[in-house]
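S.K.: My questions will all concern the structure given below.
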Amino acid sequence: MGVNQHIQQKLPPPLKNMKRMKILVAASRIYEILLAFLLLKISSDLLSPEEYGKLGLLTTITQGIAWFFLAPLQNFILVNTINANDNGWLKKIIKFEILYSIFISYFCYSILVYFEIIPNVILNNTISLIVFIISVSCPVIIQTLLPILNIKKIHNVFLRISILSSSLGFLLPIIFVKYYEHTYLYWLLGVNLAPAIVIILIILWGYKHSHFNCITNNPIPSKKLMLFCVPLAGAIIFQWFNLQGYRLQLENYFSIYTIGIFIMGFTFCGRFFNAIEKILTTVLMPSIYNRETGVTINDAWLKYLKTSFIVYTLFFLFFMISSEYIFNEIISDQYNESIEFIKIGLIYDYSRCMLNAIYQHNLLTERNKIQLVFNFLISIFIFVSIFITIRYNLSINFFAYTMSISTLTIGFFAFIKNLSYKDKLASLNHH
């Protein structure tokens, strides 16, 4: 104990503060995780498998739109936050992202309603329109603004806003479903109204304290933006299909009830892995973007990848042993049929999270065509496995195992490909 105190006293104040802040940031993410899983338990009590199936399908569509149209812009902003702030176009590109998100949301909703795509899920009424717009735009915007606060080292505000967002995201869906209707629409309204409120608060606070203002006033580098976003959009749409989009194919052959049962079991462990991934990226990614001079992208990425591999593998082994017990403790009895999909989903989500960690190298080096190729290959495997499953009337387990194994295999080749890439320090190793 005395030795540890002596070491702490020897640390310079900035390092002490940095260590303390990382602990607080991790604690805020753990708080968010606990609320998320308590919310999962409540959702299984309040929503029937049919409503949960509709929730899964609508989420698949809204996230597909958000990922394809908005996520490339979001990644561009985060990779270039320091550059944008120093060169005077951070405020402009944030404003552009917000307006662009709202426009895309409304446009896509209009198309889906006009052509009556999944009409039993996407309804032609005001509440459905509101839910659709905030479901597409708000998660992306909040996941732009919060990391910017973290990257800019405004940690105190980042922590308070993160806790507020998690708390509202927990309370609002329960209130809407309990006091209005036990439907997927009101659940999603509550879930996505929370980040909408937080976005407004961040913007008001940011402008009041001039955190989004810059001394210079340069235009957004549109050519650089397009070169970054176009190949990444292609990679992301395949990534969306690999993660969720396949559900729309399954919807043509299985009932909403069956899809709800499958989604609950297959994605159960993925919720834990998503939470772990959030903690790792929140704590580790700022040090990669703000790496010291002389530290190469490969070195920073390999350190991040090594930590991710150790953490994900430990949790994989833990859930392989305990996932079914945890599921029975958390989830309502009406989802008992979902248990058979849990461990298949665990293999997939372990592979997916490792692949995401590998893909960070492509974002850092702006080599998004590599990510496009690997995601495309996974999509081909998934499409073929769905076709074989339906053509030969096989169990959905066959499809799930094929998807998991193909993701793990291609992830290995993606790692080898990125590892062989040499840093171009002159153009990429900027701060």
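Glycine is treated like the rest: Cβ placed from N, Cα and C.
Curation plays no part in TrEMBL annotations; they are all automatic predictions.
As annotated in TrEMBL:
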{"type": "TRANSMEM", "residues": "21-43", "note": "transmembrane segment"}
{"type": "TRANSMEM", "residues": "55-78", "note": "transmembrane segment"}
{"type": "TRANSMEM", "residues": "98-115", "note": "transmembrane segment"}
{"type": "TRANSMEM", "residues": "127-146", "note": "transmembrane segment"}
{"type": "TRANSMEM", "residues": "158-179", "note": "transmembrane segment"}
{"type": "TRANSMEM", "residues": "185-205", "note": "transmembrane segment"}
{"type": "TRANSMEM", "residues": "225-242", "note": "transmembrane segment"}
{"type": "TRANSMEM", "residues": "254-273", "note": "transmembrane segment"}
{"type": "TRANSMEM", "residues": "309-327", "note": "transmembrane segment"}
{"type": "TRANSMEM", "residues": "372-392", "note": "transmembrane segment"}
{"type": "TRANSMEM", "residues": "398-416", "note": "transmembrane segment"}
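Burial and contacts for the listed features, if you can.
M.R.: Beyond its flanks by at least six residues, the transmembrane segment (21-43) meets 52, 150, 155, 158-159, 162-163, 166-167, 169-170, 173-174, 187, 271-272, 275, 278-279, 282-283, 330-332 of its own chain at Cβ-Cβ distances under 8 Å.
Below 8 angstroms of C-beta separation, residues 47, 84, 90, 93-94, 97, 100-101, 104-105, 108, 112, 118, 121-122, 131-132, 135-137, 139-140, 143-144, 147-148, 151, 184, 187-188, 225, 228-230, 232-233, 236-237, 239-241, 244-245, 247-248, 251, 256, 259-260, 263, 289, 363 of the same chain, each at least six residues beyond the ends of the transmembrane segment (55-78), sit close to that stretch.
Within its own chain, the transmembrane segment (225-242) has Cβ neighbours under 8 Å at 63-64, 67-69, 71-73, 75-76, 79, 352, 363, 366, 368-369, 371-372, 374-376, 378-379, 382, 403, 407, counting only residues six or more beyond its boundaries.
With a threshold of 8 Å between CB atoms, the same-chain residues lying at least 6 positions outside the transmembrane segment (254-273) that come near it are 33, 36-37, 40, 44, 48-57, 120, 247, 312, 315, 319, 323, 327, 331, 335, 337-346, 348-350, 352-353, 396, 400.
If you look at the transmembrane segment (309-327), the same-chain residues 6 or more away from its ends with a CB under 8 A from one of its CBs are 265, 268-269, 272-273, 276, 280, 338-339, 342-343, 346, 350, 353-354, 357.
Beyond its flanks by at least six residues, the transmembrane segment (398-416) meets 242, 246, 266, 305, 341, 344-345, 347-348, 350-352, 354-355, 358-359, 370-371, 374, 377-378, 381-382, 384-386, 388-389 of its own chain at Cβ-Cβ distances under 8 Å.
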S.K.: Determine which recorded stretch among 158-179, 185-205, 372-392 has the most C-beta pairs below 8 angstroms with the transmembrane segment (127-146).
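M.R.: Answer, by Cβ pair count: 185-205.
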S.K.: Could you tell me what the rest of the chain brings near the transmembrane segment (372-392), counting residues at least six beyond its ends with Cβ under 8 Å?
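M.R.: Distant Cβ neighbours of the transmembrane segment (372-392) are 231-232, 234-236, 238-239, 241-242, 246, 249-250, 253, 355, 398-399, 402-403, 406-407, 410-411, 413-414, 417.
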